[in-house]
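Structure first, then comments.
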Amino acid sequence: MSRVKWRNEKIIVALGSLWILGFAAWAFLLFDLLGTSVKEGILEGPREGVFWTAAQYRNSFSRFERQLILYATRQDRDFDNVLLQLDSLEASFGFLERPSEVSAYWLSIPKARDDIAELSRFMATLRRDVPALGARAGDSRRVLEDVARHWPKVNALANYFRAIEMEQRDFTFHQLKEKRRAIVMLGGVLGVILGALFLLLFYTIRTRGSLLEQQQAALDAQRKASDRAFEMIAAKNAFLGMVSHELRTPLQAICGSIEVLLARPQSDANMKTIKRLQNSAASLEAQVKDLTDYIKLRSTNRSVQSDPVEIAPLLADVLDPLRGRIRDKHLNASLRVEPPDLVVKSDRKLIQQIASNLVENSIKYTNSGTIAISAELAGTPSNRTMQIAVRDTGVGIAKNLLSKIFEPFFRVNDPGVRHVDGIGMGLAVVQELVVALRGHVDVRSVVGEGSEFVVTLPVELPGSADAPDDDAPPSLQTTHRDLHALVVDDNENARETLGAMLTALGIRADLRGTGKEGLRCFGECQHDIVVLDLELPDISGFEVAEQIRWATSPDAAKKTTILGVSAYESAMLKGDHAVFDAFVPKPIHLDTLNGIVSRLRS
């Protein structure tokens, strides 16, 4: 069976080669016949018409001669008619002389070139002598003799062109018939070879036809499913992005109101209630942040910074705001950096977000024991890497789920962890950030014992000139009794909350809902601080800020501080940034607002 198959394959190859060679020859003949502009020119002649142009000149020559006879015999004494026919004759001859497809065609023929050159000299004589006949009509007969002497050459030139055209058409038509016959014969041979080839191919692959159809159907179904999946992912990302951004404004009212309450004296019972509200709001804010970050990472190409980063202080900054949750769950947390003064060149914000998400994930799924965060330098001097590890004694992850935990919205469907808050986006964000830094993340986990996430990132060691800034940030004020602020936000809850937060900082606040109202209020009392929403219903926050800047002198001793806020981070990328002193995404926290005001007003 294999010998027959091998013989069939050799026959197929031989017949296929013959058919390809024959088809190439057939295609060349067909292209030579129909596809080239040279053959088309030979068949049709120039598109302007060789004989037609010469015939027009002959007709004009005849009319000029007849008009000149009438003038010479005084049958028509109007000399303008002679000049009119001369102009017509010159125009007709101009078509012969001027560079064109036609002139290029016949000037390549020696006889035609010589005749046209002689007629050109004769036309020059006519242009010189004929205008003088108006005053000396008696010279008309001499000119008529010259015209009559050149008439045979004009007539012969037209007839010559006609003969050339006819001869070329006959020759080309003969070639056309010969090539057509060759094409038909070669096509017949190719058809026979192709038929034999197809029969042999059908005989060889008849058992594979059904399988190929099934495979094609499966590929089509997969492609359609893939297209639908991409469309659904794009629609989902757009929807989730919109939802996450729309949640930021009500979160501003929730978080801000809670922090204002916490800034006031409260009873123990009220404090417990407010703390529960704060924890729930923080959980909701974290979920919205994860969702927004993931959509932003998937929708845009994030630029990665490379600045000196002190790892120990960075990880301490990650751990400090989470110590309250760690303490509430009675966990122990440790931090180790090797070497302790490790400084690398990388993107500080991305590393901080990676570490923060991993630590928060461990806190969620660890009910007792420890959470250990470590960072160490690894690799070789030419290929430095940094490993950040977060190890916990939590519930652990089953092996069959390790490949899924970095998928968006994935949550372990286990009774022991169903109570854990979250939408399954924290690790998906980690994966996207690690990829952005050209690193990778590994997971080791045992159910009931805990998990360890190890992030490996390529880094560089900074030189002496790249040392991080050791200057301590300025101390923040807690009250600003002498300041007067203007809050412009179309959302009433957010506006009232921002006003209450400023009041909690000791700042008097005026509240307005539109850009025009805000400008009117600022015109009545130039404020020290303007908290301005970028998306206002009448005019944009950028326009409001520009008008405020125009209304105040840049040399004034008391310059107005303008703070731009928005639920949409993309809105902060538009407009003129120079008119704002700072941008803050919603929700704004009280300590953040206090820090910004202190820094900008110091």
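Each position is counted from 1, following the chain as shown.
Every residue, even glycine, has its Cβ placed from backbone N, Cα and C.
What Swiss-Prot lists as domain 'Histidine kinase' is 242-461, and the listing cites sequence analysis. Taken from Swiss-Prot, the feature domain 'Response regulatory' applies to 484-601, supported by sequence analysis. Per Swiss-Prot, the feature phosphohistidine maps to HIS245. For ASP533, the entry in Swiss-Prot reads 4-aspartylphosphate, with the evidence type sequence analysis. Here Swiss-Prot flags 11-31, 182-202 as transmembrane segment, drawing on sequence analysis.
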Residues in the domain 'Response regulatory' (484-601) grouped by DSSP into helix, strand and remaining coil: 54 helix, 25 strand, 39 coil
Tally every other Cβ atom lying within 10 Å of the Cβ atom of ASP533 (4-aspartylphosphate). 28
Can you give the mean pLDDT for the domain 'Histidine kinase' (242-461), rounded to a whole number? 84
